[in-house]
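Quick look at what Swiss-Prot lists:
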type     : residues                                                                : note
BINDING  : Asp32, Ala33, Val34, Tyr35, Asp36, Ser81, Leu82, Arg133, Glu167, Lys306 : NAD(+) binding site
ACT_SITE : Lys112                                                                  : active site, N6-AMP-lysine intermediate
BINDING  : Cys400, Cys403, Cys416, Cys421                                          : Zn(2+) binding site
DOMAIN   : 577-654                                                                 : domain 'BRCT'
Amino acid sequence: MIKSQKEYLERIEYLNTLSHHYYNLDEPIVSDAVYDELYQELKAYEEKNPSQIQANSPTQKVGATALNQFNKNPHLTRMWSLDDVFNHNELQAWLQRILKAYPSASFVCSPKLDGVSLNLLYQKGKLMKATTRGNGLEGELVTTNAKHVANISHTIPYNEEIEIRGEVIISKEDFNALNEERLNANEPLFANPRNAASGSLRQLDSKITKKRKLQFIPWGVGKHSLNFLSFKECLDFIVSLGFSAIKHLSLNKNHQEIEANYHTLIQERERFFALLDGMVIVVNELNIQKELGYTQKSPKFACAYKFPALEKHTKIVGVINQVGRSGAITPVALLEPVEIAGAIITKATLHNYSEIEKKNIMLNDRVVVIRSGDVIPKIIKPLESYRDGSQCKIIRPKVCPICSHELLCEEIFTYCQNLNCSARLKESLIHFASKDALNIQGLGDKVIEQLFEEKLIFNALDLYALKLEDLMRLDKFKIKKAQNLLDAIQKSKNPPLWRLINALGIEHIGKGASKTLAKYGLYVLEKSEDEFLEMEGFGVEMARSLVNFYASNQEFIQSLFDLLNPKNSDIIEEKQESSSIFSHKTIVLTGTLSKPRQEYAQILENLGAKISSSVSAKTDFLIVGENAGSKLSLAQKHGVNILNEEELLKYLKE
């Protein structure tokens, strides 16, 4: 019990010291229970003596104003993403490119924390803005919530403008405790610590963020006026301002030292306080960083050396069959829950029944499960030595699990051929509204599920007949949300032709193939198999899939095209092409150019060229920038015309 103002001031100082050890040094002096008791006594004293409350009291570090929305906010300097390397050879190649030009370069290595990147802007020593990475140029403004992250300083002993960047995470221990609380409260569990950190930082009610025990680990700076010579000095300076130091950070001179630290970190991975997915490698010398520069997306002076996929053993307790938009049946194993890289895995794909037979996977088998890239659960193999007689064969179904239509069993895949199967229709609509198709904002999986359950839609055409009163029947839909969705659906009309083709969800036809098809105009889907085969990059499977899809859905396609009226600006214009050297030519771009490759690709496509991603004997021109790599060697082998950027610009001016 605090009895005097002197004891009150001493308690503030003591609690701030405890917080520093817990969040910054990761060396807690007392248990959480003891801290909470001391904190509550402080709070009780302040309630009785409000005139004595100090600004540096732990109870006053943040406000608790609920947010109505997150505004977009630009970063003063771009927040880049890192290129990944996945093995010894890729790392060696990355290092050689740097060390060949800069033999004296050294490298700072540190754990790659799997959290949410955050940019803190300080001006005159005060935290002014906290912004998520977003698209790298701008993110969401979460300043109020960031002030609830215990080891984000509200003030720093540095008056110049500076952006301090780092990762917002939740420790494995706090994550498990949070999920335990949610389980007891019958609330949905977070899938992994990163999701928990992201969801906690973006709460509309900042009081919830405060309860989540988020931490901030700095890994760099954005805009600044520091005069340091090395990246390591920058990190040390950030720590001197009161921020947490990065554990297991090291300075390395060569490939051998980097690999040694990488393997040490892998050994520490399970014991590390937070979730890791790799090791970040950054050139230490800032002058070399400046000279190396950036690609369109990433710095050339840094990379993320990803960890190998983790594997665990568990048991298959059941199998369910999912139906995709093409009608393909995908068997999914139901597993005894197992934790891999911080996520509880209860399902894993079995891909198809041919693979089940090939791997001899049985029900009740103990199996090896991995999360490839720490994301996608897969079953690698059964552990046959564990079989005890309870195992039984996984039977290939004969009818669709959704519509009971007889299935077509091919050598590898099994298909539901019923075009009106509700599962196929739902998956088709989810794809139709997806980012690389018509990109209908607000029309996600759950909304489409509801629309089907309410029998409001059966295909894409029905979307455009929806009314406000229809959407008001859906769960959690009010007038504003319903109107926003209707507006988004109407906005999807008049799409680029390639988007509409991609939205159809034709088997074997993705985004790239859709763009190629769009060049041939609005009636491209009416072409014959032979005509499709003449197109760059189209094989027999793709051609037959297009012909069969159009034959089965001709009336639907025509109605959809009439309703949406796609733009046909991608059609090749013969007059425009005729005067260009690039007309009707197949062109590949490689290496680093002064402009983004996509910008040059668009210019060349407008002149009638066909842009390809791979070099072959059919390639007419290879446009090369710096670090052209294997495509240059292949082009020389095939006798392809090779142009550098200067020569390309010369031809474009003609």
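The backbone N, Cα and C atoms fix where each Cβ goes, glycine too.
Of all Cβ atoms in the shown protein chains, 18 besides its own fall within 10 Å of the Cβ of Leu82 (NAD(+) binding site).
With a cut-off of 8 Å between CB atoms and residues at least 6 apart in sequence, the same chain places Val323, Ile329, Glu406, Leu407, Cys416, Asn418, Cys421, Ala423 near Cys400 (Zn(2+) binding site), listed in sequence order. Cα-Cα distance from Lys112 (active site, N6-AMP-lysine intermediate) to Glu167 (NAD(+) binding site): 9 Å (rounded to the nearest whole number). Taking the C-alpha positions, the distance from Leu82 (NAD(+) binding site) to Cys403 (Zn(2+) binding site) comes to 45 Å. Cα to Cα, Cys403 (Zn(2+) binding site) and Glu167 (NAD(+) binding site) are separated by 47 Å.
Mean pLDDT of the predicted structure over the domain 'BRCT' (577-654): 80. For Cys421 (Zn(2+) binding site), the count of additional Cβ atoms within 10 Å of its Cβ stands at 21 [all protein chains shown]. When Cβ neighbours within 10 Å are tallied across all protein chains shown, the highest count among the binding-site residues Cys403, Cys416 belongs to Cys416. Neighbours of Glu167 (NAD(+) binding site), defined as other CB atoms within 10 A of its CB across all chains, total 22. For the recorded Zn(2+) site, residues Cys400, Cys403, Cys416, Cys421 set the reference point as the centre of their Cβ atoms, and the other residues of that chain within 8 Å of it by Cβ are Val323, Gly327, Val399, Pro401, Ile402, Ser404, His405, Leu407, Gln417, Asn418, Ser422, Ala423, Arg424.
Note on the domain 'BRCT' (577-654): DSSP counts are 30 helix, 18 strand, 30 coil.
Taking all protein chains in view, 22 other C-beta atoms sit within 10 angstroms of the C-beta of Lys112 (active site, N6-AMP-lysine intermediate).
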